[in-house]
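Asks: As annotated in TrEMBL:
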DOMAIN    1-418  domain 'Major facilitator superfamily (MFS) profile'
TRANSMEM  35-53  transmembrane segment
TRANSMEM  65-84  transmembrane segment
TRANSMEM  90-111  transmembrane segment
TRANSMEM  123-146  transmembrane segment
TRANSMEM  152-172  transmembrane segment
TRANSMEM  223-243  transmembrane segment
TRANSMEM  263-285  transmembrane segment
TRANSMEM  300-319  transmembrane segment
TRANSMEM  325-353  transmembrane segment
TRANSMEM  365-384  transmembrane segment
TRANSMEM  396-416  transmembrane segment
Amino acid sequence: MDTDTTHQSSMYGTTTYTAAVNAVPAAFGVSQRTALLGFTMPFYGVFFAPIYTPHLSERYGRRPIYFTSFPLFALCVVVIGLATNISTLLAFRFLAGLFGGPCLVLIEGTFADVWPAHKTVTYYSFLTLASYLGAALGPLVGGFVFSAKGPAWLSWVTLLFAMSAMAFGAFMPETYNREILRTRIRYNKSGIRLPCAQSGVTISEMVHITFFTPLKMLFTEPLVILITLYLGLNFAVLFQWFISVPAALNAAYGFDVKQAGLAFLSALVGVVLALVSSSSLEALFSKPAKHGMESIEKRLILAMVGSFFVAGSLFWVAFTAKPTFHYLVPICGTAFYVWGNAMVLISFISYLFDAYPPAGTLSALTTAACFRVACAGIVPLFILDMLKDLDGDWTFSTFGILSAIMGTFPFVLYWCGLSWRTKSKYSGGYMSASMTEESMM
């Protein structure tokens, strides 16, 4: 199954709901808050995917997980399209996230299978492009679909994308090296035993690596704490845009659902700029390394640059999303936000891949993934209340102030990361494969 298209379809299915969020209260006789819950339910489902997906993938490979979880996601989309009450809608939006979550998690492993370790920034840039592209297309395409065909067709278009992804990926080979070797051993009946799975062998070990250790890291590992908090804020702000942008543009400029959807073209521009700038900066700063662990902190330069875009763009939007400014001015501000947000994500995840040995990396990535998904599912629930009580000025300025404070985190990590990793019981002087490859060039 084509990993990019499954990833994009899952993200598209999550955000296309934006186009119908104002129609849900009247259609089902519920409050606006309950309607917003429909937007966030997939995030609560995805929350569990980083915890269990690595263990399934370790034992069965990537391909069976894709071909099991994604059809279940598509089935949930069908039920959502046919839903006649809010309980069904919310339940199957949650299940769509639960079953679509493994595709969002596995794409990182699949890209790592086929790209060399020293190209982490490059392949994660393309992965981020796929993710943000799918998310931005949700309201963009959904606005026109909703206006022309009604809310049910949001699901049918999502289903069309999902079926296309399954068709494109029907002949995708297994990419996970451990599963490829396991298949060869079974075929040749050689009796060779593979090393123990890095994600744990017993249930106790699995729970420890993707549940207890991530919890410990969240409270005891300075490096993981800073990265997790900043990514959590960034994802909270990123996904509140899907609710606040249509609301703010409608209030200030009278935009309808189609016009508000077109505003998300800015996100496409932003993520493309992030891809280009991240790849360029990586090429500039990743010359052959001779200092081992010290070179790992170069991964953070992307986040250091991106942090200025993140904070600055929020103040930009805060003071220009009003009738006295042309509507393109705040929309361009959101493009800069996505640009910086994507750069920070690419930088931090690439850094985590380099900072720890495999088991530690899995635990750290699980911490960061679960926390940022949880934040993405919380803030959209009360963003309309913030806009009502604080207006756009103070709502986005509040996010800007928080982002400016946390924007110092990449700089702190750049200067203290080496010391923290050296002292960490999860790293203990580990040198990643990517750094080893670079030092041999």
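Residue positions begin at 1 at the first shown residue.
Using N, Cα and C of the backbone, Cβ positions are placed for all residues, glycine too.
Worth saying up front: this structure is predicted, and the values here are computed from it rather than measured.
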Asks: Short question: which residues 6 or more past the ends of the transmembrane segment (223-243) have a Cβ under 8 Å from it?
Replies: 15, 18, 21, 36, 39, 43, 135, 138-139, 217, 267, 310, 314, 334, 337-338, 341, 344-345, 348, 351-352, 355, 364, 367-368, 371-380, 383-384, 399, 402-403, 406-407, 409-410, 412-413, 417, 420-421, 424
Asks: Tell me if the transmembrane segment (65-84) touches the transmembrane segment (300-319). I count contact as 3 or more CB pairs below 8 A, with pairs 6 or more residues apart.
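Replies: With fewer than 3 qualifying Cβ pairs, these stretches do not touch.
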Asks: By Cβ distance under 8 Å, which residues at least 6 away from the ends of the transmembrane segment (325-353) in the same chain are close to it?
Replies: 108, 112, 117, 120-121, 124-125, 128, 132, 224, 227, 230-231, 234, 237-238, 241, 245, 248-249, 252-253, 255, 263, 266-267, 269-271, 273-275, 277-278, 296-297, 299-310, 312-314, 316-317, 361, 364-365, 368, 410, 413, 417, 432, 434
Asks: Have the transmembrane segment (123-146) and the transmembrane segment (365-384) got at least three CB pairs under 8 Å, pairs 6 or more apart in sequence?
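Replies: No, since the transmembrane segment (123-146) and the transmembrane segment (365-384) share fewer than 3 Cβ pairs closer than 8 Å, they do not count as touching.
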